[in-house]
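Peer 1: Structure below; questions to follow.
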DNA sequence: GAATTGACGTTCT
DNA sequence: AAGAACGCCAATT
């Protein structure tokens, strides 16, 4: 009953993404124990668009703003990332690995 | 109610 | 090594 669905878990992880950092769908999925459910993360983001989840900080594993087409504006997602100090060009994040935030790594490093 | 799609990533051939 | 197929869960048609 209290088992949260995959989606709910994704929301929580996405909300934990720090400012100026980005992550990938696969990273979140892997953190939840379902590396092959990366697609579901994307679906969750689609639902999270109406929530307080910074979906603009989540991109695919190449750092490509694949879901930018789901945002209102055309470059809204890109502008949000640039606003946080992340360099984006051609819908792709520059130094993606540099701004990468792995939940299964950063969070576990706390303890 | 069943079949298909969907912000991806891994695994097999 | 490169390309194709599969897998995951939920929502939509």
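Every residue, even glycine, has its Cβ placed from backbone N, Cα and C.
Feature list, courtesy of TrEMBL:
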DOMAIN    A:5-86  domain 'Methylated-DNA-[protein]-cysteine S-methyltransferase DNA binding'
Peer 1: Give the mean pLDDT for the domain 'Methylated-DNA-[protein]-cysteine S-methyltransferase DNA binding' (A:5-86) on the 0 to 100 scale.
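Peer 2: Within the domain 'Methylated-DNA-[protein]-cysteine S-methyltransferase DNA binding' (A:5-86), the model's average pLDDT equals 93.
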Peer 1: Could you break down the residues of the domain 'Methylated-DNA-[protein]-cysteine S-methyltransferase DNA binding' (A:5-86) into DSSP helix, strand and coil, giving a count for each?
Peer 2: 47 helix, 6 strand, 29 coil
